[in-house]
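First the structure, in the form of C-alpha cells, and then the observations on it.
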Amino acid sequence: MQFYSRRKKLIGNSQTEQLYGHCLQFYGQPPIENISLSEFETFAVDRLKLLKTVENLGVSYVKTSELYTKKLDAEFSNLNFPYKIEADDWKPQTGPSEYEKRRKDHISHFILRLAYCQTEDLRRWFIQQEIDLFRYRFNDLPSKNIGQFLQYNNLHYHTISIDEKKKLMDKLVTSSFAVSGSTVDGKDFYKVPFQDALDLVRTRKVYLNGGYVYIPHQDIVTIVLNDFRTRLSKALALTARSLPAVQSDERLQPLLNHLSHAYVGQDYSIQKSIGKISLEQIDPLSAKSYPLCMRQLHRGLRDSHHLRHGGRMQYGLFLKGIGLTLDQALQFWRSEFVKGKVDADKFDKAYAYSIRHMFGKEGKRTDYTPYSCMKVILSNPPSQGDQHGCPFRHSDPELLKQKLQSYKVSPSGISQILELVKGMHYQLACQKYFELTHSIEDSGFSLNHPNQYFMESQKLLGGPGAGVKVEVKREDNPEVAAEITEDLDSFFQDA
Amino acid sequence: MTTADYDQASLPDLLPLYYRRLFPFSQYHRWLNYGGVTKNYFQNREFSFTLKDDIYVRYQSFSTQNELEKEMQKMNPYKIDIGAVYSHRPNQHNTVKSGSFQALEKELVFDIDMTDYDDVRSCCSGADICPKCWTLMTIAIRILDRALRDDFGFRHCLWVYSGRRGVHCWVCDEAARKLSVAARSAVAEYLSLVKGGDETVRKVVLSDPIHPFITESLTVVENYFSQYALLGQDILGSKEAVDKVLALLPEDILFLCATFHMIFGVHSVASLLAKHALMKTAFFNQMTAKKGHYFEMEIMLQYCYPRLDVNVSKGVNHLLKSPFSVHPKTGRISVPIDLRELDRFDPFEVPTISLICEELDQPKTEEEQDDNMENENKKEAGERRKMRDYKRTSLAKYVKLFDNFLEEMAHSRKGEVLKNSGECNLNP
C-alpha cells in the first residue's frame, strides 16, 4: 500500500511539476515521497478542518450561493489549499507556493483516505465532503481548462451533430432551465449514457431519450462528479483492505483513530443512561424533551397504533439511543401495536424480529446507530401515509405552523422558525424550537442529532436521560496519543 | 367467468394441484435463465417462500428447473418472492466468507399500490379496489411504460397484476439488471412527481421549465381525467371534495374561487362549469400570470399521476412477489397484463386458483383432442398431459402472453450476439 513507498527516494522536480500540472485532480495516483510525521499530522488536520467547513456550510447555505463561495474561499486561503488556477506563481512573495499547496492537497487527501475507509458511515461522510469540495473547485475552472481536464482524465463523451441539434431543439430547450435556443445553436451538446449522469436524471434537469442524456457543455460537471464519486468509492474499498498493514505502524495508528472519531462525532450507540428510563415516562418525555420529529412519530404511533417501516426505524433507533433496553422496546411497541389491528402473535412474528434486528440481535448483528439529523433530512423522504422525516424539512409550512401553535409556541417564535425553514436551515430551526420550548435564549450547542437534542434537554431539566459523555479508549502508546489528542482537541473547540 | 368462490381455507388442497399441473415451470425457468448467457445466473438467484402458518424462508436457490419444480411441489408455498442474483448460491450463503456474499444483479422493478392513493380516491380505501379507481393503474402503466421505453430505452418491461390492489413492473433488459442502487434510485426519482406524506397538502409542485417527461405524462392524464376524476371520482361533487381540491390552490386563486363559490353554490353542474369558465377568463389569467398557471396541471397530477414506492425500486436485493404466484387473500394469480388491451383489463376477471383448478376437471373439447393428436409424438404421457393442462384453463392466455414476452427477449439476445460478433449475416 501507498505508505510503504514513503520510504522511497524523493522524486526529482520535473516529474513532480508534471504531477501537479493542474490545480484540480482526481487523486488517481498516490503520493510517493517521504514526509515528516509533523507534516503528516498538519496536512491531515488542515484538510479535515476544510472538509468540516464544507460540511457545515453545505447545511447552512445553498451550495451555489455567493455567501457559500465567499466563506469557502476564505477557508481555502486560510488553510493554504490551492483554489485559483491563475495562481501559477511557483515562487510567490509570501506563504507557500502554488506547487506546495497542490502537493498538500494531494497528500492530505490520501492520508484522510486511511482514516475514513474503515466503516460505511465514515466512507459515506468522506465521499460526500470530497465531492462537495470537488464540485466547488470544478465550478471555478474556466471552460478551456475543463476541456483540458476532461482530456487529461480520459472522459470521452461524444457531441451530437448540428442536424440532431436542430431536430431536438424544442426538447432541449424545455428540459433545462439554463438552455435557450441560442445555447443549443452555439454550444456543444454531449450524448452521455444515463448511468453516467444520475444526478441530472434524478432531478430531471436534462433531456433523456433512448437511455441517453443530452448535456450542454456547461453541465459536464455533474458527469465528472459521478465519475469522481465512483472512483473514490472503489479506492476507499481497496484502501480498507490494505489498512491492517498501515495500522501496524505505531506512529500512525493513534492519529488515524483520533481523526475519524473526531469527525463523525458521538454516535449515541453506547449510552450510559441505559435502563434509566421507564416506559411510563415516555409520554411526558415526548412532550418535554423530544425533538419535533420524534414527537410527531410518537404522536402518530399513539394515535394510529401503528407506524410504517421508515417511522419504526427512525423512532425505534432513537429510543435505543435514549436508553431503552431491548425488552422495554419490545414491550413498548407490542403494547401499542396490539391496540391497533395487530394481534400479539402477529406482532411477535412480523415486528419483533425487526426490533431485535435494530438492537443487533439478529441477522448480521450490526448494532445500528440512531439517525443523525443529516440522515433524517437527506435520506428516505416520507411519502403518503408516512410519519418519519424531519418536520422542518418535509412538512408543509402551513401544517408545521399549526402544529407549533398547538404546542403553544409563541407567534413570534413561530415566525422565526418559519424564516429559518424558508432559508433551508432545518437544524437551526429545530434548535430555535428547543430554545422556545425550554424558555432559554441560547441553546449553547450546535444541533446535529435527535438524541443530542434529548440529552441536552434532559441535562437542562435535570432528568434521567442526561447520560454521560462517552470516552474513547486509548490503548496503545498513551504518551504520544495524549500529546496528539491534546493538540487535535484544541483545533476542534468550535464544534 | 366467475371467481368460483375462492376460500383461503382451501389453499392447502388447491396449491398442490396448481404446482403439479398448472404452474408454467418451463416458461418460468426460461425467463430467469436469460438464455444461459451468464454462468450460474439461475443457480445464484434467490427465491423466498411463505409457507403455511406464515413460515417464511429466505435464500432458497435451485440448480435446475427440475429441482425448482420438485421443491415447490414439496413445499407448496403460499407466496413466492423473487430476489437478486447473488455472487454465490443463496442456499449456501452461510458457508461464504462474510462480506463476499453480494447481490449482483436483479431486474429493475416497480410496485404501484392502490393504498398510496387513499388521499385522492373517494370510492374505496385500504385494500379495496373497484373498476372506478382501477383507472389509476391504467394511467400509471401507460405513463411509466412510455417513459421506460422512450426515455430510458428499456425494451422488455413485464407488467403483472399483483393479485389484489396493484401492479408490478419487471424491467428485464440486461442494462436494467446491471443497474446500481444509485442508478435505480435515480430512475425512480425521475419518475416521481407526487411527493410528501400525510403532512404535505400540495404534493405536486411544478415550475419552469416543464420537462418533456411531464408534458408527455400530462397528455396521458388529460385523456382520462374527465371520465375518471370529474365523473367517476366526482372530485367536485360535494363541498368536502371541492374543499380538498381548493386546498391545493395558491392563496390568491383561492380567494377568487371563494368568491365564485358563494355566488354559484356547490352542488350544481353550473358550479363545475363556472369554475372551469373562471379559469379561462382574462381577469383570472391576469391575476395568475405572474405565478404561472401550473395549478391546473398540479391538481390533475396529484389526483392521477402514478405513486411509486422508491424503496422497492432502489434495492438490488429487494424481494418482490413473483409472477404466477397466488395471492393468498384473494386467490388471484399474478398474471401478466396485455398492454395492447390495457383499457379492457379487469382485475375482477383475473382467474383465481379455485377457478382454474375447477376448469382442470372439465371434459376436453374437440379442439383439444386435435391438439392431443399433434402432441402424441412428443415426450411421455405425463409431460404431454402437463403441457396441455394449463391450456385448458383460463390461465392459458396469460401464459401465452408470457411466452411472447420471452420470445421477444430471446430475439433481442440473438440480435446482440450478432452485433457483438461483428458479423452481419445477410442472406444472399
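Numbering starts at 1 and runs along the chain as displayed.
Cβ coordinates are placed from backbone N, Cα and C, and glycine is handled just like the others.
Record features (TrEMBL):
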type	residues	note
DOMAIN	A:284-454	domain 'DNA primase large subunit C-terminal'
BINDING	A:Cys293, A:Cys373, A:Cys390, A:Cys430	[4Fe-4S] cluster binding site
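Here the features listed in TrEMBL are painted onto the structure.
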{"residue": "A:Cys293", "record": "[4Fe-4S] cluster binding site", "Cβ neighbours (10 Å)": "28"}
{"residue": "A:Cys373", "record": "[4Fe-4S] cluster binding site", "Cβ neighbours (10 Å)": "22"}
{"residue": "A:Cys390", "record": "[4Fe-4S] cluster binding site", "Cβ neighbours (10 Å)": "26"}
{"residue": "A:Cys430", "record": "[4Fe-4S] cluster binding site", "Cβ neighbours (10 Å)": "27"}
On the 0 to 100 scale, where does the mean pLDDT of the domain 'DNA primase large subunit C-terminal' (A:284-454) fall? 89
Compute the mean position of the Cβ atoms of A:Cys293, A:Cys373, A:Cys390, A:Cys430, which form the recorded [4Fe-4S] cluster site, and then list in sequence order the other residues of that chain whose Cβ is within 8 Å of it. A:Pro291, A:Leu292, A:Val376, A:Ile377, A:Pro391, A:Phe392, A:Arg393, A:Tyr426, A:Gln427, A:Leu447, A:Pro450
Which secondary structure state does DSSP assign to A:Cys390 ([4Fe-4S] cluster binding site), in the simple three-class scheme? coil
DSSP three-state call for A:Cys373 ([4Fe-4S] cluster binding site): helix, strand or coil? helix
